[in-house]
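J.: Pasting a structure here, questions to come.
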Amino acid sequence: MIIVTSGHVDHGKTALLKALTGTSTAHLPEEKKRGMTIDLGYAYLPLENKVLGFIDVPGHEKFLSNMLAGLGGVHYAMLIVAADEGVAVQTKEHLAILRQLQFHEIIVVITKADRTNSAQIESLIQTIKQDYSFLRNANYFVTSAETGQGISELRHYLANLAELADTQKPFRYAIDRVFSVKGAGTVVTGTAFSGTVKVNDEIYLSTGQKIRIKAIHAQNTSSEQGIAGQRLALNLNADLDRTPMKRGDWLLQNEPLPPTDRISVQILAEVPLNESQPVHIYHGASRTTGKLTLLQGKNAAKNDRTLAEIILDSPLFLAFGDKLILRSGDTKTLIAGARVLEINSPKRHKRTEVRLNFLANLALAENASQRIALTLQHNATTARQLMWTEQLTSLQLDKALAERDAVRYQDWCFNPNYVQEKTQQILTALNIYHEQHNDQLGVSKARLYRMATLNQPENLIHHFIDEMLDDGRLQQTRGWIHLPEHKIQFNTEEKSRWTDVLNEFEKANGQAIWVRDMANALAIDESIMRNFMYKAGKLGYLTPIVKDRFFLTETLYAYARLIKQIAEEKGKVSVNEVRDKLNFGRKLTVQLMEYFDRMGFLRRKGNDHILRDKNVFDL
């Protein structure tokens, strides 16, 4: 367990921790010389069944970013106030930050009790309670590092604090120091936000590389594992020259998504805010600049809780519920705290009623299952996105989906309402197509996707179409998808003509035939033959690859299977390969390949073609 100590410079934080633990948290020569904490200092108190870790955060405002690096993933804080000086400038700053980060408990410790009297101390405590409502029910301890007053009572209270660390979620660790140790190699230090890590585990650096854990020091003791809420030093199997890392990077169990530069948040205003203003954003050991924009009005008063968007100048690795500190553009003023509701928020339609209700409900949701249900109301989302946003393992995601009757297909997650909505869009689009083109048999799968649900996951919509074909809501005739009740057919004269046309295609040995050539061969007017061959195309017997040039549909499908086989074996297929396999001229081969591109079966890549949707021409 980690406990943060904060307060004004020279109010005795470091001395208090030395009295509690026997360890001085000043670790830089400059700190010892100046008598103030500049970077994060650490002390440890071994107990019977655990080790308490204390982070001594710097009190001087110049070192605020260092202070904020120590607050991520911690549930308890001690506010240090000197009895002889009371609430000072940095005390107020730290109080605001502690309130914004919403610690489970803030313990107020009055130090230097030997320098004043009990009446003055009681007056100070009452002033704090009166001025800071969130500390009225806090526990107060009166101490002196010089005389030992109150130290044992405080130590006993801290030893009995409940463990609140979330060890069940994936491991997530913010790096605040990186250095090399002779004989050991790369070492990082930081705080574990969540999860568990063990020696020899392979985890991700936030830049994407996988790294093995060689050794662990948890709470300043060699250990086989580290858990959430602990201060950890990790010896990594990584060369800093080959795998650069720095303060602000992360070590992660889940493969990270790309960092985000646009987020939706709920803020608690510390000062009156305008609709839009530049801000400095602090998260874990990271710091960047950006723009804060209110979503629910032109301004916000102090203590207002409201929805907002933050556009980051440098992207951050954020997840739902992460806490941010926002300071003014000149960094002089703490203006708000923020809780992340959504990463990669949309660029348009940010203030619609539906959108604001969605964000408000996210803020009110009590668990991941409820938030996932909200996210999946109208869209499918990848499992990887949900696992990252909610910081869940794959099994935890499956459990959350099951609680909401949601479904996971390959990497996509969706709910039954989404399936119903999209399948109805498919049926509606196909019905409109039949009304407007009643002489056409149907459409290809790729075209149906574009007609009905463009901008939805293509492989997922194809899956829905396949299910609709299986259960009879759709039918497929010679590759063309249509509604079951939609029919077109030849009359008696056309049936006879089809026999003659089919005979000509058999003579052509798999070649395409032009309308005029077929008309000449059968001594029929070209316009009549054109209308007939296009009707045969609508019935699915023939397929035009360019205007007036047709293949037998079954032959075209055979060629598609051949090309699919080549592309799957080699990863690509060229015009020359197809020309040689089919014994075509180059012009016909190019027309065939371009037709397959248009149908969504292939996609041109340089001088080759690769499979786009290998199932388009499956019968």
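Glycine residues also receive a Cβ, built from the backbone N, Cα and C atoms like all the rest.
Because the structure is a prediction, the values reported are computed rather than measured.
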J.: Between the candidate ranges 56-59, 376-379, 496-499, where does Swiss-Prot place the region 'G3' annotation?
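T.: Comparing 56-59, 376-379, 496-499 with Swiss-Prot, region 'G3' matches 56-59.
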J.: Looking at 27-30, 111-114, 255-258, 471-474, which one does Swiss-Prot call region 'G4'?
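T.: Among 27-30, 111-114, 255-258, 471-474, the range Swiss-Prot annotates as region 'G4' is 111-114.
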J.: Of the ranges 35-39, 210-214, 305-309, 610-614, which one does Swiss-Prot list as region 'G2'?
T.: 35-39
J.: Can you identify, from 7-14, 327-334, 343-350, the stretch that Swiss-Prot calls region 'G1'?
T.: 7-14
